[in-house]
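Report on the structure given below.
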Amino acid sequence: ILDIIHNSSKPTTLFSLSSALPSLSTFKTENLYRLLRYLSHMNLIAINSVEGSGDATYSLTGISELLLNNQERSLQDWVIAIDEEHSINGWHELSDYCLSSDDACTNAFPEEVPEMNALINNAMACDTKMVMPAFVQGCDSILNGVKKLVAIGGGIGAAMSYVVKAYPEIKCTVFDLPHVVAAAPQIPGVEMVGGNMFEFIPSADALLLKFMLHNWNDAECIKLLKRCKETVPADHGKVIIIEMVLDQDEDDDDLTRDRLSLDLDMMLSLGGKERTNDEWRILLGESGFNKIEFVPIFGIQSVIVAYP
C-alpha cells in the first residue's frame with residue numbers, strides 16, 4: 001500500500017488504490033478504507049480532504065517513508081523480521097518461559113534455513129543503515145590508527161561496507177558462520193572469512209561486535225569476550241561493541257520502551273538480553289578488560305570500547 005502511494009504520479013484515492021491491488025475483491029473496498037483509517041491514526045499515512053469533492057486522498061508521512069521498498073534507509077526488512085511467525089510465536093510462550101525452571105530458550109531461530117538466514121541478515125542490514133553512518137561520522141577517534149578491523153558476527157558485511165568506504169586504509173574482514181559468509185555479496189576492500197567465533201577469531205588490532213552480544217547470556221558472552229581479549233594486542237588493541245545500554249537516556253520514554261521491548265524479544269527468541277551500564281561493566285570486567293568507554297550515538301544504541 002505504501003509503495004503504491006509513493007509511486008503514484010497523482011493523488012491517491014481509495015478507488016485508485018483499490019484498483020492497484022488486483023487481488024482485492026470489490027466488496028473488500030470498505031475493509032481497505034477501514035485499514036487506511038487505522039494507518040492514519042497510527043501516523044503511517046495522511047488523509048487529505050479534497051475541496052468540493054467527497055473523495056479523500058492518501059499520502060505518506062515521514063514515518064511511512066522508512067517502510068518503503070528499495071529505499072536507502074528503509075526499515076521494511078526489519079519490520080518484516082519482527083513480525084515474522086517465528087518472532088511472534090516467542091511472545092505466545094512468555095508466561096511458560098518466565099514460570100519454567102528450565103532456562104533454555106525453546107524458540108531459537110533456525111538460522112541455517114536459507115529463508116530464515118536471509119530474513120535475519122536483511123533485518124540486520126536495516127539496523128546498519130541507521131547506526132553505521134552515525135558511527136563512522138562520530139567515532140573517528142575510535143578508529144584512528146586502526147590497521148586491521150574484524151567484524152565478529154558481521155553477517156553479510158553491511159556494517160563493514162560503511163567502514164571501508166570511510167576508512168579505505170583499514171584492512172576490513174567480516175567473520176561469521178560459513179553459511180552466512182557463503183550468502184554474502186562481494187564487497188570491494190572487505191575479506192569474508194567463515195568460522196566459529198567460539199573456537200577461533202582472525203587476528204586484528206580491533207574487533208567490531210555490532211548488535212550481537214545481546215544474542216547470548218552472560219556466560220556465553222564472557223567466553224567470547226575472553227577470546228576477543230586474547231586476539232587483540234595487549235598494548236594497543238580494542239574491542240568495539242555497538243549495543244543498547246538500557247539505562248542510557250532513561251528520560252526518553254520512547255527509547256526506553258523500545259529497548260525494554262527488545263530485551264524481552266531477545267529473552268524469548270534467543271535466550272539473550274539487553275544490558276545496563278553496570279551490567280556491561282561487570283561483563284567486560286569479568287572478561288578481563290581493564291578500561292571501558294561508553295559513547296552514545298544515534299538512536300537506541302551506544303558504542304562501548306573495551307581495552308585489554
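Note that Cβ sites are derived from N, Cα and C of the backbone, with glycine treated the same way.
Taken straight from TrEMBL:
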type	residues	note
ACT_SITE	His214	active site, proton acceptor
DOMAIN	1-69	domain 'O-methyltransferase dimerisation'
DOMAIN	114-290	domain 'O-methyltransferase C-terminal'
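For the domain 'O-methyltransferase dimerisation' (1-69), DSSP puts the residue distribution at 32 helix, 12 strand, 25 coil.
Cβ neighbours of His214 (active site, proton acceptor) (same chain, under 8 Å, six or more residues apart in sequence): Glu243, Met244, Leu262, Met266, Gly272, Lys273, Glu274, Arg275.
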